[in-house]
Protein chains: 2
Amino acid sequence: MKSVQWHDTHITILNQQALPHKTEYLELKNIKDVWDAIVTLKVRGAPAIGMTAAYGLALAAKSYETNDLAQFHAELKRDRDYLASSRPTAVNLFWALDRLMKSVAQAKSVNEAKTTLIHEAICIQVEDEDVCRRIGEHALSLFQDGDRIMTICNAGAIATARYGTALAPFHLAKEKGMTLHAYACETRPVLQGARLTAWELSQAGVDVTLITDNMAAQTMKAKHISAVIVGADRIAANGDTANKIGTFGLAILAKAFRIPFYVAAPLSTIDLQTKTGDDIPIEERAKEEVTHIGGVRIAPDVNVYNPAFDVTPHELITGIITEKGIIFGDYATKLPTLFEEVFA
Amino acid sequence: MKSVQWHDTHITILNQQALPHKTEYLELKNIKDVWDAIVTLKVRGAPAIGMTAAYGLALAAKSYETNDLAQFHAELKRDRDYLASSRPTAVNLFWALDRLMKSVAQAKSVNEAKTTLIHEAICIQVEDEDVCRRIGEHALSLFQDGDRIMTICNAGAIATARYGTALAPFHLAKEKGMTLHAYACETRPVLQGARLTAWELSQAGVDVTLITDNMAAQTMKAKHISAVIVGADRIAANGDTANKIGTFGLAILAKAFRIPFYVAAPLSTIDLQTKTGDDIPIEERAKEEVTHIGGVRIAPDVNVYNPAFDVTPHELITGIITEKGIIFGDYATKLPTLFEEVFA
């Protein structure tokens with residue numbers, strides 16, 4: 001069962017908030033359900049958010065009663081903006097929604113537009129699986145049998161159509177009979193590493209060791225970590241990368257230990273309109289994510305700073321792994337060429 | 001009420017595992033109670049562990065039935081070794097126990113020895129309050145009104161006789177009407193920062209902001225952190241410092257951001273017999289500390305690496321703040337002089 005799936009009258013998603021306790025699928029029946037599922041992190045991971053939002057827009061459009069194309073486009077724009085407001089940092093969300101908007105710009109009828117939106121959303125998901133496999137193949141070329149690789153958050157199969165981005169090499173290595181040892185940072189406050197990555201990789205038979213986030217330095221030293229690989233929520237034109245909070249710190253540690261630090265992400269994560277990391281808005285979330293775990297209070301009611309993401313400056317990134325290959329440094333020059341080739 | 005207190009027939013301790021939910025005091029009535037309280041982290045913090053173990057040894061000795069001095073010393077040695085086995089990393093534990101052993105080496109009778117042990121244990125606690133105040137005064141000389149200072153774990157009043165070590169400057173600043181802003185890393189897995197430091201500082205009226213451990217890099221950058229100050233469980237002769245897991249990572253981040261990184265600790269934490277950090281045993285604790293929070297499972301049953309401490313190499317430490325003053329660098333030469341002056 002896929003983590004996101006289109007069913008014509010609704011969308012089903014794997015409820016990532018219920019993991020690892022319960023493997024539960026939720027039906028999203030309207031655009032409000034979709035928006036809520038994204039905001040409450042029931043669906044998460046930049047590519048999965050993009051897919052879900054795309055299906056959400058197609059589902060919303062399906063219910064419009066008008067036959068007037070101008071009216072249709074006005075309603076579509078309203079719903080696009082509503083879904084785009086669900087989370088500010090991940091660019092795949094905007095990329096997927098805008099791809100759908102563009103797909104119906106020339107539509108000749110409302111019916112054609114409705115069908116096109118569904119088709120385009122399905123295409124995004126189908127392509128994502130292929131993209132993730134390619135990312136995984138490129139990433140795997142960097143690693144050797146027995147390597148010990150650290151990751152944070154969950155840039156995994158459940159965050160994408162399949163395989164994941166940062167976790168793709170672990171899944172592909174397993175398919176090929178090669179051994180990679182994963183070290184998963186638990187990723188407070190929402191614990192995506194503990195709840196999702198540890199679960200996903202152990203389900204897939206990958207050797208995975210869980211650590212708390214503050215054990216990263218000691219683990220790099222004591223366990224001779226070979227490399228760090230992470231996903232991305234947005235990559236700016238100069239290579240600066242927004243990803244789950246904690247990524248920036250891991251990149252600094254990796255440099256101190258002279259360990260390569262890789263970002264694995266699809267082209268849809270690269271936003272050439274965003275010049276540098278300073279232009280990426282960093283979502284701050286509710287203090288209760290930090291002061292409570294599983295509904296239980298773990299801290300007194302004090303001030304909390306809860307940024308959901310941080311930006312890793314490009315100079316700390318050894319390579320950016322995309323479906324089109326790996327770029328090592330000089331991102332400002334090289335990132336645009338990935339797009340030229342695609343559209344050539 | 002003090003966090004550790006001698007009552008002649010028993011010892012009371014503040015149950016640090018029940019905080020911040022409940023302010024609960026426990027009676028320790030025999031040596032087994034004392035050992036358990038240390039192992040289960042009901043009492044924690046290097047100086048508080050030392051005080052509790054010292055009282056525990058005095059309490060145990062009080063119950064010996066022999067009047068034979070040789071027999072008394074044999075039983076005392078057995079109980080000293082039992083208490084010393086409770087935790088391997090903090091050197092104050094061994095320091096306090098050995099100070100008690102030495103205090104009765106020349107005792108002329110069992111009764112005299114029993115009284116001396118109680119006296120010596122009380123002295124350790126009384127001296128610790130004075131030591132912590134001096135550490136706080138020295139630390140405060142490094143900071144300015146309005147500084148934003150990050151810390152990890154709880155090197156606070158409840159981990160010592162009073163004031164704490166790393167937290168002493170916050171308490172003293174408050175007494176003097178000076179404002180220091182504390183940023184407390186929550187300190188997984190046991191959450192001493194969230195449960196204890198956030199609680200202790202907010203109780204004292206200090207402005208404290210709680211972050212998860214993986215937010216340290218982003219917080220240093222976004223909040224313009226002025227300095228990092230931490231406690232210590234053991235300082236080797238060359239300045240390498242064992243402290244709560246996560247300290248090493250903070251020191252690397254501080255260096256990357258060119259922020260001074262200070263260790264605050266009493267002389268009893270300095271172990272000149274330990275040549276370097278490589279000689280400090282690092283306690284590994286049960287995997288359930290990572291996979292469960294408050295008894296609730298948060299991760300699947302996978303491999304866990306759970307070191308309770310890490311070692312920060314001396315070259316990452318800007319200064320070591322003791323009751324005798326602050327040492328900046330060249331620790332191998334300067335640390336021994338602290339002891340020469342004391343015993344001169």
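Indices start at 1 and increase along the chain as displayed.
Just so you know, glycine gets a Cβ as well, placed from its N, Cα and C.
Keep in mind that this is a model prediction, so the values were computed, not measured.
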Discussion item. Can you find which of A:GLN192, A:GLN203 TrEMBL lists as binding substrate at the same site as A:ARG44, A:GLY45, A:ALA46, A:ARG87, A:ASN243, A:LYS244?
Written reply: A:GLN192
Discussion item. Roughly how many Å lie between the Cα atoms of A:ARG87 (substrate binding site) and A:CYS153 (site 'Transition state stabilizer'), rounded to a whole value?
Written reply: 17
Discussion item. With Cβ-Cβ distance below 8 Å and at least 6 positions apart along the chain, what are the contacts of A:GLY45 (substrate binding site)? List them in sequence order.
Written reply: A:ASN154, A:ALA155, A:GLY156, A:ILE158, A:ALA159, A:THR160, A:GLY164, A:GLY231
Worksheet, complete the sentence: Counting every protein chain shown, other Cβ atoms within 10 Å of the Cβ of A:ARG44 (substrate binding site) number 24
Practice prompt. Rank the binding-site residues A:ARG87, A:LYS244 by the number of other Cβ atoms within 10 Å of each Cβ, and give the residue at the low end.
Written response: A:ARG87
Worksheet item: Relative to the mean position of the Cβ atoms of A:ARG44, A:GLY45, A:ALA46, A:ARG87, A:GLN192, A:ASN243, A:LYS244, the recorded substrate site, which additional same-chain residues have Cβ within 8 Å?
Response: A:ILE49, A:ALA90, A:CYS153, A:ASN154, A:ALA155, A:ALA159, A:GLY231, A:ASP233
Worksheet item: At its widest, how many Å does the recorded substrate site span between Cα atoms of A:ARG44, A:GLY45, A:ALA46, A:ARG87, A:GLN192, A:ASN243, A:LYS244?
Response: 17
